[in-house]
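**Q** Features from Swiss-Prot:
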REGION    1-275  region 'Pantoate--beta-alanine ligase'
BINDING   29-36, 149-152, 186-189  ATP binding site
ACT_SITE  H36  active site, proton donor
BINDING   Q61  beta-alanine binding site
BINDING   Q61, Q155  (R)-pantoate binding site
REGION    276-509  region 'Cytidylate kinase'
Amino acid sequence: MKKLIIRKTEEIENWRKDIDSEINFIPTMGNLHDGHIKLISTAKNDNSNINLVSIFINPLQFDNKLDLENYPKTIDNDINISFSNGADAIFIPSNEDIYPPNNNISFLKAPIELSSALCGLNRIGHFDGVCTVVYRLLNLIKPKNLYLGEKDWQQLLILKNLVLRKKLNIAIKSIPTQRDFDGIPLSSRNVHLSKNERKLISFFSRELLEAKKNFQKEKKINLKEIIKKLSEKKISIEYLEHLHPYTLQKAKIEDNISLLAGAIRCGETRLIDHVFLMKRRPIIAIDGPAGSGKSTVTKLIAKKLKLLYLDTGAMYRALSWLIIKENIDFKKENKLQNILKDISIVFKSNTSSHQDVYVNNYCVTEEIRSQKISSIVSKISSIKEVREFLVEEQRKIGESGGLVAEGRDIGTTVFPHAELKIFLTASIDERAKRRKSDKNSKDLQEIDLHKLKELIKQRDSEDSNRKISPLIKANDAIEIITDGYSINEVVDKIIDLYNDKIPKESEIK
């Protein structure tokens, strides 16, 4: 495709009609740096869409005329950087194109619950200007994907809200904050810093990063101590806050993930920085009935996100297998207590990059998927002592997070504070077809489809009506009905939800 520079709104509209491709859109205000390069190259590598970079210095985002006049303008270099790193087209409109004097442009208001904190405290109207220009650009360009940096976290939240509020069919893709050699977040305004000012900014960023490191050990933050250290360096602090990362309200002690964000001034330059604090790595809880695709989907998600795969259903099946093998009357509490005391259930990766299940050092991966086990596992899993024992084992595995677990009570009982909860389901017909074609359930392949539907209905009834941890959708779970969707489509949907819930830069290293 020929590289193209577009300067008029009429041209962008005509170009949009002529192209036969979706658009990845990377909005910028010019003076491009490595952070912008990361956005452009990420868009290029993500898919085969056309990549459009816009360069527009939005006057509505500046606190005063002098700030606008002093903003670096490096258009020729910006064009070279954009095209060199994957842009197919560049949109460079004028003020008159974006804000035509005789046209009724929608001047938007940012949501007050997100714009009144942090930068919004002193930059009145700034985020209104952000919403106005981005909404104008999105309406002109109509992209499939919008690429934004997490460096401007508050702005990212507000633009996500804008896309949701205006019901725009646009996916927002974010990239982590990109830092320079001395730890400072890359910013177009860094060129204004003197050597001494840069040292102060670097000290500020290092303090935030050190606070993140300490939080991983101590699970608490001391704002007063950080402010004291900054004040001793004569750093002018505009704000330093510990907040919930999505509501921007004061962080609560029970929050697993929180935001430590600050803004300082050095000379005439104002800079922002933040870090995410996590008590443990994220957890994804996937619940749903038999045959809904939980196992297949969960395994793929674990692989793609590099998370531990915890198959809690396999743990109940493994215990059921041992009960049958040892011919134990599980209705007798003393017999059950003995087996719970001595059982060892271990997951091991095999040479096929799959997970094998071992009971007391014996591999039972295939045996626990038999219909014989399926017919008894719901009864055994409804026993109070069994559930208490295995739930405790599962929680031990999840103490440090970093896992995706599937079962029937993950989001309600095992990990009620999971960052993302999914309730995966499908129609009885669809689930019966899947179970019958499941190569790991050989005995199910020989059962009549009608009979299999009845077995699934029976299992659903047992799971949903048991007194302890019944199969129910958690209040904050997102339901996904998988009829008509491929496995990969479901996986991609859940990963998108995960990326929307978990900042990319928040992962504990």
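Yeah, the Cβs are placed from backbone N, Cα and C, and that goes for glycine too.
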**Q** Mind giving me a neighbour count for G35 (ATP binding site)? Other Cβ atoms within 10 Å of its Cβ, every protein chain shown.
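**A** Around G35 (ATP binding site), other Cβ atoms within 10 Å: 21.
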**Q** Using DSSP with the three-state reduction, classify G149 (ATP binding site) as helix, strand or coil.
**A** strand
**Q** Cβ-Cβ under 8 Å from N31 (ATP binding site), same chain, 6 or more residues apart: which ones?
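**A** Counting only residues 6 or more apart in sequence, the Cβ neighbours of N31 (ATP binding site) under 8 Å are Y71, P72, K73, T74, D78, S188, V191.
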**Q** Given the binding-site residues Q61, Q155, S188, which one is most crowded in terms of C-beta atoms within 10 angstroms?
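**A** Going through Q61, Q155, S188 one by one, the largest Cβ count within 10 Å is at Q155.
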**Q** For the recorded positions H33, H36, K151, which Cβ has the most other Cβ atoms within 10 Å, all shown protein chains included?
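**A** Of H33, H36, K151, the one with the most crowded Cβ is H36.
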**Q** With Cβ-Cβ distance below 8 Å and at least 6 positions apart along the chain, what are the contacts of M29 (ATP binding site)? List them in sequence order.
**A** I55, F56, I57, N58, Q61, Y71, S188
**Q** Hey, how far is Q155 ((R)-pantoate binding site) from the residue listed as 'active site, proton donor', Cα to Cα, in Å?
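**A** Between the alpha carbons of Q155 ((R)-pantoate binding site) and the residue listed as 'active site, proton donor' there are 16 Å.
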**Q** Which of the three DSSP-derived classes (helix, strand, coil) applies to N31 (ATP binding site)?
**A** coil
